[in-house]
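Look at TrEMBL and you will find D230, I231, G262, D264 tagged as Ca(2+) binding site. The domain 'Peptidase S53' annotation in TrEMBL covers 1-283.
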Amino acid sequence: LPKSSNGFTEPYLAFATTLATLPDAELPSVLSISYGVNEQLLARDYAAHVCDIFGQLSARGVSVLAASGDAGPGQSCQSNAANNSSSSTRFLPAFPASCPYVTAVGATRDVANETAMELSGGGFSEYFSRPAYQVGAVDAYLAKHGKEWEGLYNPKGRGIPDVAALGRNYQLYYHGKVDSADGTSEKSASTPVLAAMVAVLNGLRAEKGKAPLGFLNTWLYTVGRFGFTDITTGKSSGCPGTSYAGLPSPKVPGAGWSADQGWDAATGWGTPVFSRLRRLACL
């Protein structure tokens, strides 16, 4: 693990650099990352460097998926994104989900009436500008919902999540016993579920002599989005007035991003329908 002596305590750079040194034959076709931090906790240059390496990996055929966060628009909502002594009330996007070369995954709940999960992380990057593949879809969303939280987010930032998946009530084994993921860390469940689907799609493509899907986002914002169920109800929730450490922090009543038709900052393009994705990815 990284040491605090160099100013960085997060594992992203070491992780990404190690993967980048592998020959193509040893690279995984999919990476699932359920660990994230507030973007502002990392130096801007550090985050950009890690993001660039994820971009290099995606160009080599690796699909990188990361959880969009567990606190809606943010938990503490107290920003120092400029890395200086100032502080302000601000929504806090998660990294590495905010990297434009990463596919950010949010979460939903319920099945019969699937809706955005309250803790589904989402919002707009302070570090990364909106990529070209997002412009039309994200601009349309902000034209409808952006004014509500004006001044608390970067309206020109990369929007997250890109997509979502069911995030609670999974049966799992924990210490050899059957347990249930109750939704307290829902993207930790939804991200590997979607990553597993991508891995299966890659296998099906390989049977047809096709390359792995690799970088997903340009595909998701064009053809791939039709493989998802659009989630139009529910809203994320955050900025409750206490930080993760239980300390006082700015409270923003009603803070959150609403699900809506098309792309939204709570569930992205929605949740996957494998039969549709199979048809679209294996043409």
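Every residue gets a Cβ built from N, Cα and C, even glycine.
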| Around G262 (Ca(2+) binding site), which residues of its chain at least 6 apart sit with Cβ under 8 Å of its Cβ? | A137, A140, Y141, D230, W269
| task | Can you check how the pLDDT averages out over the domain 'Peptidase S53' (1-283)? | result | 90
| field | Remaining residues near the recorded Ca(2+) site, that is with C-beta within 8 Å of the centroid of the site residues D230, I231, G262, D264 | value | T232, A259, D260, Q261, W263, T267, G268, W269, G270
| note | Counting across all protein chains, other CB atoms within 10 angstroms of the CB of D230 (Ca(2+) binding site) number 17
| said: At a 10 Å cut-off from the C-beta of I231 (Ca(2+) binding site), count the other C-beta atoms across all protein chains. | reply: 25
| Relative to the Cβ position of D264 (Ca(2+) binding site), how many further Cβ atoms are located within 10 Å? | 31
